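A.B. asks: These came from TrEMBL, pasted as-is:
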type	residues	note
DOMAIN	5-147	domain 'FAD dependent oxidoreductase'
DOMAIN	150-204	domain 'FAD dependent oxidoreductase central'
DOMAIN	208-522	domain 'GCVT N-terminal'
DOMAIN	543-591	domain 'Aminomethyltransferase C-terminal'
Amino acid sequence: MAGVNVPLIAMHHAYVVTERIEGIQNMPNVRDHDASVYLRLQGDALSVGGYEHNPIFWEDVSDRFAFSLFDLDWDVFMQHIDGAVNRVPALEQTGIKSTVCGPESFTADHKPLMGEAPEVRGFFLGCGFNSAGMMLGGGCGKELAHWIIHGRPEKDMYGYDIRRFHHSLTNNNRWIRERSHESYAKNYSVVFPFDEPLASRNMRKDPFHQVLQEQGCVFQERHGWERPGWFNRDGPAPVLDYDYYSAYDVLKNTDYKYSEILGKEYTFDFPPHHDVIRDECLTCRNTVAVFDMSYFGKFYLNGPDAKKAADWLFTADVNKAPGSTVYTCMLNKRGGVESDLTVSRLEPSPAHLPLTPESNGEAYYLAIGGGVAQHNWSHIQAVLQDQGFRCTLIDHTEDMGMISIQGPKSRELLQEVLDSDLSSDAFPFSTHKIVNAAGHKVRAMRLSFVGEMGWELHIPKESCLPVYHAVMAAGAKYGICNAGYRAIDSLSIEKGYRHWHADLRPDDTPLEAGLAFTCKMKTSIPFLGRKALEAQKAEGLRRRIVCFTVDEKVPMFGLETIFRNGVPVGHLRRSEFGFAIDKTIANMVLKGRWRLCFGVV
């Protein structure tokens, strides 16, 4: 109707109501996670329903179907009756009074679709409630109303925001169907910390995918991308086509090594390959490691008003000399952090895409965490439109790969591969250059998200493999290893670096997050959210994101409740094990008087 993608799918969803059961009146509602069934008290009877592994997709929607129901398919529903009887044996002798089977919309992650559509300004979504509309409707309705009127919700709603999905996925029927099926079938499954979907995989693969898979890479799925999680010592573990958990007469994948590895991680203890991730981390700390970060969003901002736009969008002063790279935030009007990213100022030059766009004036290269690239893209485009800036945002994410070579031996290694002087005088931290790497032009940036000396190489996709092989060959004598994002998570929290939406959310300000250094408050340059930060600074902080460690060797994953003297004082945002200090590290928000109790001002 309006060119808006709404990534949901309709399925038959049912429950039945039993006849009267004597003595049932005080029974609590029950959810049996093993049987994927629920039993809910309904007067002196029970309603029974659940989430089957073979739901019926609503394929043909009639124009005359309105507020109607389907006939219940007992062949599909009987698995719930069996599960209910196993839990409440009295049901075996109880009749069925009524059945309800209607259409319900389901989404790729079993969460609603809310917020402004990326395709059309002013078009808001509030749908896909996955049979939880009664439960979520009140709060979501309130937040959506605030979103429409004020441009954003009062609370952090990113988990429901339509922009959590990349636009290349939201109109892809295979992705919608497979992921929605898996989310439906696993709705009652225990959520383990490092689980990954099996559905709709290999949607977006970078140029390094095959060579890393051959070296044992265990991939994670983010924004449709296959990104390295960690490297298995027992050889390749490829992700196979989705088998629908053998529903619909689809043959079940056998000898599925990737699925078996995920199954071994179904624990709330340290995973069985804890030592593998440790070795990746310590190799980076002590020698050198290479990280494939190609899933990062890679945008160019240029045009007549590019400088004005950059001043307004970014909290940091990014208008330093061409060749500079600046870590910065983007904020909303309330001063909340919508993004953290790096912005590199470019020299005016003719186009040599994908490394340099055509520019007669100001141009900037934006590198953004790949899992939130759509959110960033939509935020920037909205600000450009609202302010009337005459500039263009160009996406070259798919055209370039990116590897990050990090560790104390990174300079010695790369000096053999790059044709540029890498000394601190010639190539300072937070700068970038176009250089030759093994005969291929790349953009080298001296940056780190793991707290070690290192460089990122942003590489045209046709040059990715030759450059990677040259780096690995030069690094062999230093003991170089491939490392994944499980290592990055650990290394980054050791250095106090923030992950957006894990540590840092849209309802946190840079002042609360310890990121005041990213804000050009000592200049007179206005930027989006500045007034809110000035007011907060004048009033004083009421909460802070803080870090602490745990002496006992216990795993933590985020969302654990923290107690002080038996009183709950908050919960964790993110937690990882820090291998360099041999302790669990966690970030949390401390509010009000608890800040003072912990000595935080």
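Using N, Cα and C of the backbone, Cβ positions are placed for all residues, glycine too.
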A.B. asks: If you average pLDDT over the domain 'FAD dependent oxidoreductase' (5-147), what do you get?
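C.D. replies: Overall, the domain 'FAD dependent oxidoreductase' (5-147) comes to a mean pLDDT of 95.
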A.B. asks: Residue counts in helix (H, G, I), strand (E, B) and coil for the domain 'FAD dependent oxidoreductase central' (150-204), per DSSP?
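C.D. replies: Its residues fall into 20 helix, 2 strand, 33 coil.
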A.B. asks: Using DSSP, tally how many residues of the domain 'Aminomethyltransferase C-terminal' (543-591) sit in helix, strand and coil.
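C.D. replies: Looking at the domain 'Aminomethyltransferase C-terminal' (543-591) with DSSP, the answer is 0 helix, 33 strand, 16 coil.
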